[in-house]
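S.K.: For reference, the structure I am asking about is given below.
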2 protein chains.
Amino acid sequence: MACHLAIAGVTGAVGQEFLSILEERNFPFTTLKMLASSRSKGKKITFKGKEYTVEELTKDSFAGIDIALFSAGGGRSKEFAPAAAKAGAVVVDNSSAFRMDPGVPLVVPEINAEAIKAHKGIIANPNCSTIIGIVPVWPLHQVNPVKRMVVSTYQAASGAGAAAMAELEAQSREILDGRKPTCNAFPYQIAFNCFSHNSALGPDGYNEEETKMVKETRKIFNCPDIAITATCVRIPVMRAHCESINLEFADPMTPEKVRELLAAAPGVTVMDDREHNRFPMPIDASGMDDVLVGRIRQDESLPDNRGINIWVAGDQLRKGAALNAVQIAERLLEL
Amino acid sequence: MACHLAIAGVTGAVGQEFLSILEERNFPFTTLKMLASSRSKGKKITFKGKEYTVEELTKDSFAGIDIALFSAGGGRSKEFAPAAAKAGAVVVDNSSAFRMDPGVPLVVPEINAEAIKAHKGIIANPNCSTIIGIVPVWPLHQVNPVKRMVVSTYQAASGAGAAAMAELEAQSREILDGRKPTCNAFPYQIAFNCFSHNSALGPDGYNEEETKMVKETRKIFNCPDIAITATCVRIPVMRAHCESINLEFADPMTPEKVRELLAAAPGVTVMDDREHNRFPMPIDASGMDDVLVGRIRQDESLPDNRGINIWVAGDQLRKGAALNAVQIAERLLEL
């Protein structure tokens, strides 16, 4: 079960994470093509002891390719993913370009792996904050339907790419040295600050990150009427997102039941140590595959024990992006 | 209208902020006594061009004092505030020691200034995250009762004192230099990280910061049945707290109405620039008196337009602590 694999956007933060994860999981491939924009053409990347030369991503890049992992931005996905699919590859696309396309499966393998089968050459990887939030909500929703979710996010710089992570570091140094922070990757100071997510705002005042969470969750859960509201915020953290999630269930739910269900759920690690006030933190989640869940409490502000609060942390570059895409690719190999 | 004033805990982060605010507001005093623990006894502090010597806080410190601003920790408030009251001073106490005492008014002047009159020598200043969250909720609640609040906080290091602010800076340097961060003031790494608030957890799994928000809001609003649930989190920010607040109203509410009410509300500045994606940030709120409010949106996850999301930012040391206490003291002078 091996394949001819391509990675589009290999030099980016998620592209580099693709390589780590493919190596760690010993993903079986016969050939590997590394693709990026013309800027990175000719760069050498050593992977599993072999040196690869980065080629320019073009519409002709995909002859003979079985699976193409894309993380090169929405514009490039729109331009090149259909060509890759036409050439016979299955694209697993990390951008938002095709997520809400009714003909494109939007997949979190722990939730809706079976949707993969319906693909027509493109499978979409959901947005990072959506994936990290819903992996632990799904096993609860299966047992006791979630009627409403109120989500507030604490999102890392990595979601805006490698340049944003470098900017957080550079700004921190500038501020510690008493200098004015330089803003390029982000519109506002990220070091020692936080701000409402820097994606475009719709006419309803919600930014795209928030709207994605609502729409993508409904599609992945195949539950168009689940009520969701989100407030998405960037905080000065490198590469793991946290989320404060308030859940309203159809029927009574206890923290004990939530803990029991999550302890048995795939892709989830419960870290809920009340005795030591030890709950998931970004530095715990960084480099981890699982979404960490803690602060599991009854929300007494809802009647009949129908409310539960949880706090989650997940690696934005791994489960939030590259890992989820590689897990989809692994499922593709099993078809 | 002048008074004999004392400050207990003058060398701490809030104590220093008391001095800035008293000077800025030209608070009228005849004499000023600077008090702190024995460790700081003899320290010199220059205030409004005059040098003061810090005296040790004892039960005998308050003869002839009219108003005593306390921010010396809950233990010292419990020990010394009753003695100050007995000596004839009115204590405005920034600690949690007396907040839930039914005989002690708990006051945010914009909300329940009239409660000051019932004092018996001690008036409590609410917790920082409570004050910052409820200043903008109150004017809405007056017009259309808030049935339920779901709050997630983004809290600054300053809430844990000057040592915690220094620790955020020191840890940031350590991490940027590739060293292991040193944790003293906080139990966990705060730089480039976030964690569930480091206050003690109750048997229900809520930390004290969260429980304070529920109980204090009910007391200040004089509304024992308002439903509130909170998740309180520390983020690597110096001195301003942010809060993501989801509000469920009794009757339909529009973002336009919220904006109109808040534009006219005392202690609130609306910063809700959707066009430029420009909303309140900690660096905006730092040094400001008002609580900044933005991200005012209809929450479509609630029926009948009864849901509203807002995002607030307020200076933890000012409105969250010292400013609110000085505002209470100003009202005392008017009695």
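Note: Cβ is positioned from N, Cα and C throughout, glycine not excepted.
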S.K.: Going by the NADP(+) site in TrEMBL, where A:Thr11, A:Gly12, A:Ala13, A:Val14, A:Arg39, A:Ser40, A:Ser158, A:Gly159 are listed, which of the candidates A:Gln316, A:Gln327 is also part of it?
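M.R.: The candidate from A:Gln316, A:Gln327 that TrEMBL ties to NADP(+) along with A:Thr11, A:Gly12, A:Ala13, A:Val14, A:Arg39, A:Ser40, A:Ser158, A:Gly159 is A:Gln316.
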S.K.: Look at the binding-site residues A:Thr11, A:Gln155, A:Ser158, A:Gln316 and tell me which residue has the greatest number of other C-beta atoms within 10 angstroms of its C-beta.
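M.R.: Output for this query is A:Gln316.
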S.K.: Taking the Cα of A:Ser158 (NADP(+) binding site) as the centre, which of the recorded positions listed as A:Arg99, A:Glu208, A:His241 lie within 10 Å of it?
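M.R.: Candidates kept after distance check: A:His241.
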S.K.: CA-CA, which of the recorded positions A:Arg99, A:Cys128, A:Gln155, A:Arg234, A:His241 lies nearest A:Thr11 (NADP(+) binding site)?
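M.R.: Going through A:Arg99, A:Cys128, A:Gln155, A:Arg234, A:His241 one by one, the closest to A:Thr11 (NADP(+) binding site) is A:Cys128.
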S.K.: Inside 8 A of the center formed by the CB atoms of A:Gln155, A:Glu208, A:Arg234, which other residues of the chain have their CB, for the recorded substrate site?
M.R.: A:Ser129, A:Thr153, A:Gly159, A:Ala160, A:Ser196, A:His197, A:Asn198, A:Ser199, A:Asn207, A:Glu209, A:Cys232, A:Val233
S.K.: What is the three-state DSSP composition of the domain 'Semialdehyde dehydrogenase NAD-binding' (A:4-119), stated as helix, strand and coil residue counts?
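M.R.: Tallying H, G and I as helix, E and B as strand, the rest coil: 38 helix, 30 strand, 48 coil.
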S.K.: A:Arg99 (phosphate binding site) to A:Cys128 (active site, acyl-thioester intermediate): how many Å between their Cα atoms?
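M.R.: Counting only the Cα atoms, the answer is 12 Å.
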